[in-house]
């Protein structure tokens, strides 16, 4: 079947998210992106982090050297518990997906995102490829990708709000820089959520949103932007409504559980390094870190996240070496350790039984 015929036979939701075949092929641009992103992350970690936190790597390593084996085991259990909880986000948005499959998809996608700056797009390609190999339809996968993306944005809107409330209630005042960053992140997120819920609530709103997005896309893409996105947005509305009705509760407690367990992991990482601070400070710093992971100039915000979180903790009175050591330890569990987990996920996926999708004839 020709490419034009294939695209004509696909639903609007599929057209919105289905990655082109070329996106799965490695290229020079991605290699350059990888090395630049890793180089910048190394620079920010090695040079920027100790200076922002007013400490030295010698003091940080000395603090980390006191870590006990039992603590490492406990932190590993917390990390795996958080990753298991986030599988509910996937199983709630894709009917028939098992938790093991969701764990594999999340591990592989996260490992890609942790290696490439702005690696979320590459992670989507990996997710799509793996789910197709297990027999899931393009339409269902595309809907899942959209819904899980919105739920993640929703979580990142709620987190800074909770963080601000915790700081104001527990401390009585808020650092202006932290407040501005949190408010900016919340405003962007609220805009996305408002557009999403408006599209679901009203077909007329979906048409208006589609026309607005089409005009913006054409301005950005120039001559290449001839695609009409209005029909795509209106068409995928019904698919998304079905999934939200089916799995909104499961997706919500999956994300709440994930971020909750990762806060506990964050607290134990800092506490094991000797940092003792009130809940408001700890949660506020955790919120800042989760927001900074979205900074796409390095893989997963690596370097930016650690420097920002350590600076906030030190600014609130934490010992510089202890705070930096705790932040580095948390980063090891939430960023670096996900890379070998992703490699293990690739191995398990490659050995798993494959099923031909019912719409495979359209490929």
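Glycine residues also receive a Cβ, built from the backbone N, Cα and C atoms like all the rest.
Curation does not apply to TrEMBL; its annotations are automatic.
According to TrEMBL, the feature region 'Disordered' maps to 1-25.
What TrEMBL records for 31-49 (among others) is transmembrane segment.
Per TrEMBL, transmembrane segment is recorded for 70-91 (among others).
With a threshold of 8 Å between CB atoms, the same-chain residues lying at least 6 positions outside the transmembrane segment (103-128) that come near it are 17-19, 23-24, 30, 33-34, 36-38, 40, 83-84, 86-87, 90, 141, 145, 296-300, 302, 335-336, 338-339, 341-346, 348-349, 352. The transmembrane segment annotation in TrEMBL covers 103-128 (among others).
As annotated by TrEMBL, transmembrane segment applies to 149-171 (among others).
Here TrEMBL flags 177-201 (among others) as transmembrane segment.
Same-chain residues lying 6+ beyond the ends of the transmembrane segment (246-268) with a Cβ under 8 Å from its Cβ atoms: 71, 74-75, 78-79, 81-83, 85-93, 95, 147-148, 151-152, 154-155, 159, 282-283, 285-286, 289-290, 330, 333-334. Summarising the annotation, TrEMBL assigns transmembrane segment to 246-268 (among others).
According to TrEMBL, the transmembrane segment annotation covers 288-315 (among others).
Per TrEMBL, the feature transmembrane segment maps to 327-349 (among others). Here the transmembrane segment (327-349) has long-range neighbours at 49, 60, 64, 67, 75-76, 78-79, 83, 103-105, 107-112, 114-115, 130, 133, 262, 265-266, 269-270, 272-273, 289, 300, 302, 305-306, 309-310, 313, meaning same-chain residues at least 6 beyond its ends whose C-beta is under 8 angstroms from one of its own.
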Grab the same-chain neighbours of the transmembrane segment (70-91) for me: Cβ-Cβ under 8 Å, and only residues 6 or more beyond its ends, written as numbers and ranges. 97-99, 101-103, 105-107, 144, 148, 151-152, 247, 250-251, 253-255, 257-258, 261-262, 264-265, 268-269, 272, 329, 333-334, 337, 341
